[in-house]
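Colleague: In case it helps, TrEMBL gives these features for our protein:
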| type | residues | note |
| --- | --- | --- |
| TRANSMEM | B:6-24 | transmembrane segment |
| DOMAIN | B:6-80 | domain 'Glycine transporter' |
| TRANSMEM | B:31-52 | transmembrane segment |
| TRANSMEM | B:64-82 | transmembrane segment |
| TRANSMEM | B:89-106 | transmembrane segment |
| DOMAIN | B:92-164 | domain 'Glycine transporter' |
| TRANSMEM | B:118-137 | transmembrane segment |
| TRANSMEM | B:149-167 | transmembrane segment |
| TRANSMEM | B:173-190 | transmembrane segment |
Amino acid sequence: MNSLYVLDLIGTFVFAISGTRAAADKNMDLFGAAFIGFTTALGGGTIRDILLGTQPVNWFYDETYLWVILSAVIFTYLFNSLTHKLKATLFLFDTIGLGVFTIIGIEKSINLGITPPYALIMGMVSAVVGGIIRDTFCNEIPLIFRKEIYATACLIGGSVLLILTQFYQINNIASYILAILIVLAIRIAAIKWELKLPTLN
Amino acid sequence: MNSLYVLDLIGTFVFAISGTRAAADKNMDLFGAAFIGFTTALGGGTIRDILLGTQPVNWFYDETYLWVILSAVIFTYLFNSLTHKLKATLFLFDTIGLGVFTIIGIEKSINLGITPPYALIMGMVSAVVGGIIRDTFCNEIPLIFRKEIYATACLIGGSVLLILTQFYQINNIASYILAILIVLAIRIAAIKWELKLPTLN
Amino acid sequence: MNSLYVLDLIGTFVFAISGTRAAADKNMDLFGAAFIGFTTALGGGTIRDILLGTQPVNWFYDETYLWVILSAVIFTYLFNSLTHKLKATLFLFDTIGLGVFTIIGIEKSINLGITPPYALIMGMVSAVVGGIIRDTFCNEIPLIFRKEIYATACLIGGSVLLILTQFYQINNIASYILAILIVLAIRIAAIKWELKLPTLN
């Protein structure tokens with residue numbers, strides 16, 4: 001769990017950077033950037049906790065999240081050009097964060113007695129809803145509704161985790177690493193081969 | 001209650017179609033369509049449950065909602081032109097769904113000790129908030145804020161239900177049917193005579 | 001507490017007017033105006049209660065909020081030109097409302113065992129989230145993300161309150177008045193000297 005916590009904080013940091021940069025692109029000020037940074041980083045887990053009814057929401061019990069997010073906002077303001085150069089690194093950590101948030105959402109839901117199909121949805125919600133709120137506040141149609149294999153990667157990685165833990169009782173760090181690697185592989189494959197989900201029209 | 005449950009599922013199916021089509025009109029992909037389908041169908045009841053504090057939200061206990069919504073998304077993708085031809089039928093079922101969601105929201109609130117004025121608001125919230133979230137994600141000002149006698153039909157139908165149940169203790173299937181018929185009659189009248197609520201400017 | 005309750009109702013009234021006018025500027029009808037009026041006035045406290053898990057949300061227990069908000073909507077419809085002339089008065093009451101909502105949010109959070117940094121955030125959330133929801137429904141990037149020293153005034157006023165109550169045990173009406181005066185002074189100074197927070201680009 002300890003390594004999952006470290007990865008969770010890294011994901012939180014990178015998600016907060018993504019929120020801060022989206023806000024800056026819309027000419028928001030420091031407060032707007034910090035607010036969007038917070039909601040991007042904590043929004044998914046917050047909505048998960050609210051749907052499950054496990055409030056006060058998880059981050060109230062750990063100020064580390066607060067300082068990690070504020071650090072990410074300040075880091076982005078101070079080293080903005082650096083965050084553009086670190087594109088590949090941020091993509092890597094963003095995807096790891098995506099996988100870790102999915103795992104944490106699934107585990108928490110299963111422990112509360114939620115059935116696997118809804119637990120899978122809750123894992124995906126934990127991972128992607130922060131970005132949906134970010135784009136909504138930025139007055140954009142959420143990116144993940146339009147392109148990128150993003151939520152789909154979470155759903156497939158989460159499904160593998162659920163199969164391993166529910167059918168084979170393999171519930172350890174190896175299953176976590178496998179789920180994260182699947183999310184990472186699908187995202188890289190989607191970019192390399194320009195994979196897209198079908199649209200109706 | 002059993003017939004109310006069947007009508008609830010029909011309403012869920014038709015609301016999910018409306019969400020899927022709104023997403024498709026914005027060129028969202030299959031994931032975006034499914035996500036908007038879910039939030040349109042379940043958003044109202046979810047916000048009601050969160051405001052009332054009765055989480056985990058109601059649909060966690062019944063996977064039927066999940067499969068009904070996924071069926072609606074797939075149905076819309078496979079038979080898109082059919083959903084355009086079935087316009088009158090979808091309008092009918094959409095309005096029945098509106099009435100049923102209003103009834104369920106009012107009954108649940110009253111049973112939790114909420115006073116009638118707020119129970120009426122919770123009934124309306126159950127019926128219309130899914131559509132509000134749908135339009136917000138589609139980056140549009142929610143339709144029901146601008147035109148159509150829609151929420152107003154819910155408020156009038158819900159008021160009649162509350163008068164029957166609170167003052168006359170008529171709390172049976174007849175009062176439900178009457179409330180649904182009132183919602184239907186108001187919507188048809190509003191379209192026929194182009195009724196609108198006043199605007200300020 | 002009684003004087004705080006009166007100020008809370010005044011803040012609710014003025015926030016509801018701001019929501020009603022924002023809706024009218026977008027050509028919404030009476031229902032849209034009332035809905036936005038409600039969410040602007042009650043949205044901040046509602047999100048605070050949901051994050052803290054103290055549902056049913058606070059206003060379910062007091063119909064006064066309902067009638068105050070409906071009065072504000074009707075008042076705005078009847079005396080629209082008057083609300084434009086009363087600009088300075090509305091600014092004053094809006095800022096008092098901002099301060100009172102901040103105080104109530106902080107006090108409620110501290111009483112539930114939330115640590116001061118998060119309690120400060122919850123105070124700010126109580127004060128500004130109603131306006132954020134208003135602007136989102138109006139399909140605008142929330143104003144407070146872009147300009148105006150607004151949330152910052154809440155954070156500074158709230159910090160002074162927390163220092164007085166936590167470090168000096170000064171927990172009385174004087175500390176409340178001081179916090180509100182600080183919020184007011186910062187807003188007036190920000191307008192007078194055109195103070196702005198930095199932006200990234």
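The backbone N, Cα and C atoms fix where each Cβ goes, and this holds for glycine too.
Because TrEMBL annotations are produced automatically, they should be read as predictions rather than curated entries.
Values in this document were obtained by computation on a predicted structure and should not be read as measured data.
Mind mapping these onto the model and telling me what they sit next to?
Modeller: According to DSSP, the secondary structure content of the domain 'Glycine transporter' (B:6-80) in residues is 63 helix, 1 strand, 11 coil.
With a cut-off of 8 Å between Cβ atoms, the residues of this chain six or more beyond the transmembrane segment (B:64-82) that come close are 9, 12-14, 16-17, 20-21, 24, 30, 33-34, 37-38, 41-42.
If you look at the transmembrane segment (B:89-106), the same-chain residues 6 or more away from its ends with a CB under 8 A from one of its CBs are 4, 7-8, 10-15, 17-18, 44-45, 48, 83, 119-120, 122-128, 150, 153-154, 157-158, 161-162, 176, 179-184, 187.
Residues 15, 18-19, 22-23, 35-36, 39-45, 47-48, 51-52, 97-99, 101-106, 108-110, 143-145, 150-151, 154-155, 158-159, 161-162 of the same chain lie 6 or more positions beyond the ends of the transmembrane segment (B:118-137) yet place their CB under 8 Å from a CB of it.
Nonlocal intrachain contacts for the transmembrane segment (B:149-167), taken as residues 6+ away from its ends with a CB within less than 8 angstroms of a stretch CB, comprise 95, 98-99, 102-103, 106, 110, 116, 119-120, 123-124, 127-128, 143, 175-176, 178-180, 182-183, 186-187, 189-190, 195-197.
With a cut-off of 8 Å between Cβ atoms, the residues of this chain six or more beyond the transmembrane segment (B:173-190) that come close are 3-4, 7, 92, 95-96, 98-100, 102-103, 148-150, 152-154, 156-158, 160-161, 164-165, 196.
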Colleague: Just to be sure I understand, if DSSP states are collapsed into helix, strand and coil, how many residues of the domain 'Glycine transporter' (B:92-164) fall in each?
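Modeller: Summed by class, the stretch gives 59 helix, 0 strand, 14 coil.
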